[in-house]
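Per TrEMBL, Ca(2+) 1 binding site is recorded for Asp67, Val70, Gly72, Asp74, Glu89. Sequence annotations record features per position, and here TrEMBL assigns substrate binding site to Pro164. Annotation source TrEMBL lists heme b binding site at His194. Annotation source TrEMBL lists Ca(2+) 2 binding site at Asp239. Feature annotation from TrEMBL assigns disulfide bond to Cys35-Cys116, Cys68-Cys73, Cys123-Cys315, Cys201-Cys226. The domain 'Plant heme peroxidase family profile' annotation in TrEMBL covers 25-319. What TrEMBL records for 1-24 is signal peptide.
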Amino acid sequence: MASYRNPPALVFFLFILFATVSHAQLSPSFYATTCSSAADIVQSAVRSAINRDKGTGARLIRLFFHDCFVVGCDAGVLLDANLPSIDSEKNSISNENSLGGFDLIDKIKTALDKACPGPVVSCSDIIAIAARDSVVELGGTRWEVPLGRRDARTANRNEADNLPSPFSDLQVLIKNFTDKGFTAKEMVVLSGAHSVGVARCSLFRDHLYNGTNVEVTAANERKSKCPSTGGDDNLSNLDHQSPNRFGNNYYQALIKRRGLMHSDQELFNGGSTDDFVKTYSQDSQAFFADFGNAMIKLGNLNTLTGNKGEIRTNCRKIN
Ligand code: HEM
Ligand SMILES: *[C@@H]1O[C@H](CO)[C@@H](O)[C@H](O)[C@H]1NC(C)=O
Ligand SMILES: *[C@@H]1O[C@H](CO)[C@@H](O)[C@H](O)[C@H]1NC(C)=O
Ligand SMILES: *[C@@H]1O[C@H](CO)[C@@H](O)[C@H](O)[C@H]1NC(C)=O
């Protein structure tokens, strides 16, 4: 073959091949002709839900993480255990009695399928747009969401059981993210999502009472609702001072040793990620820019495109 003796042609051929195969074909304009109102429909639903209950925003952001980190961004997380073949991720250690936003996703899906029958818009894309809109509504940054994901026909409860743990040390957290193709810095920037939302007492109690890197004032306030025994499901804000503002307040709190969970404070505990925390605590623009890029990268994890998967009619069950 001539091209083997012709390096530029070979390189060009490989480039085209690589660009076609690797770039999962997601595109921000995926629904431009098939459902041009999709983004507006999601945005207005997310906005009014957050106006009613600010906690909705945090739930949607976390839903995106838990969808993408388990197998991939394929809405596997939304499947109920309504078939023997579905071991619902909703029942996993990390998600049970914890993950939310499902009703709102259903509501958005119904509205989208009414506006654009088919169905046209996938449940996995709804999660991705809703997470971005939540960040915007809570005062964070905006990024263009690549679209065109399709929905899985399976769930993976085992993998959901292995989502990063709040009891892990820094090295484990870094490994959890590098295993998925993220740098330690991207792990730190994605963790900035903990500037909003809540966690249960049972998940931060040990850090609160036994942690070595814990600021006393914030800890004492938190202890009043999270005693050394009892109140396991009592919630505390991940960010002590501005729990519903998406921003670099998370990093400023870590520097003050006010991280709620062990995994939070590990990011600033004398280890290799301290400098990233310092940078983001001082530079909101750097945080926002890097966060948007990392969310796009998170949204590219193992997506189903082309004729793989399906566009679900009901986000809770396969077609
Ligand atoms: C670095 C590793 C991470 C660990 C160990 C972790 C762990 C946790 C835990 C244990 C909770 C509380 C759950 C409960 O009380 O039931 C939580 C909440 C939350 N997480 Fe993470 N998380 C991590 C990374 C992320 C990432 C990458 C995102 C999104 C980009 C995220 C978004 C959230 C949000 C928004 C909440 C609040 C949810 C709500 O208020 O309902 N987390 N996380
Ligand atoms: C995170 O690391 C722990 C400890 O090695 C492991 O048990 C868990 O499966 C990992 N989770 C992910 C998502 O990589
Ligand atoms: C503190 O650590 C000790 C020893 O590991 C443990 O027995 C105890 O339950 C911990 N206290 C809290 C409140 O978690
Ligand atoms: C849990 O929180 C509720 C509401 O803030 C509070 O009334 C209750 O005393 C708390 N439980 C414990 C054991 O502190």
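Note that the numbers count up from 1, one per residue, in the order the chain is shown.
Yeah, the Cβs are placed from backbone N, Cα and C, and that goes for glycine too.
TrEMBL labels come from automatic prediction, so no person has curated them.
A map of TrEMBL features onto the structure.
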residue : record                 : Cβ within 10 Å
Cys68   : disulfide bond         : 27
Val70   : Ca(2+) 1 binding site  : 27
Asp74   : Ca(2+) 1 binding site  : 29
Glu89   : Ca(2+) 1 binding site  : 28
Cys116  : disulfide bond         : 17
Cys123  : disulfide bond         : 31
Pro164  : substrate binding site : 18
His194  : heme b binding site    : 25
Cys201  : disulfide bond         : 19
Cys226  : disulfide bond         : 24
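A sphere of 10 angstroms centred on the C-beta of Asp239 (Ca(2+) 2 binding site) encloses 24 other C-beta atoms.
Long-range C-beta contacts of Asp67 (Ca(2+) 1 binding site), restricted to its own chain and to partners at least six residues apart, with a cutoff below 8 Å, comprise Cys73, Asp74, Ala75, Gly76, Val77, Leu78, Ser124, Ile127. Straight-line distance linking the Cα atoms of Cys201 (disulfide bond) and Pro164 (substrate binding site), rounded to a whole number, equals 17 Å. In terms of Cα spacing, the recorded positions Cys116, Cys123, Pro164, His194, Cys226 that come within 10 Å of the residue listed as 'Ca(2+) 2 binding site' are His194. Neighbouring residues of the recorded Ca(2+) 1 site, listed in sequence order and excluding Asp67, Val70, Gly72, Asp74, Glu89, comprise His66, Cys68, Phe69, Val71, Cys73, Ala75, Gly76, Val77, Ala152, Ala155, Asn156, Glu159, Ala160 (Cβ within 8 Å of the Cβ centroid). A gap of 24 Å separates the Cα atoms of Cys123 (disulfide bond) and His194 (heme b binding site). Note on the domain 'Plant heme peroxidase family profile' (25-319): its mean pLDDT in the predicted model is 98. Each of the disulfide-bonded residues Cys35, Cys73, Cys315 was ranked by the number of other C-beta atoms within 10 Å, and first place falls to Cys73. Residues within less than 8 Å, Cβ to Cβ, of Gly72 (Ca(2+) 1 binding site) and separated from it by at least 6 positions along the same chain comprise Ala152, Leu301, Asn302, Thr303, Leu304. The residue listed as 'heme b binding site' falls within a helix when secondary structure is assigned with DSSP. Candidate recorded positions: Cys116, Pro164, Cys226. Nearest to Glu89 (Ca(2+) 1 binding site) by Cα distance: Pro164. Only Pro164 of the recorded positions listed as Gly72, Cys123, Pro164, Cys201, Cys315 bring a Cβ under 6 Å of any atom of ligand 1; the order follows the sequence.
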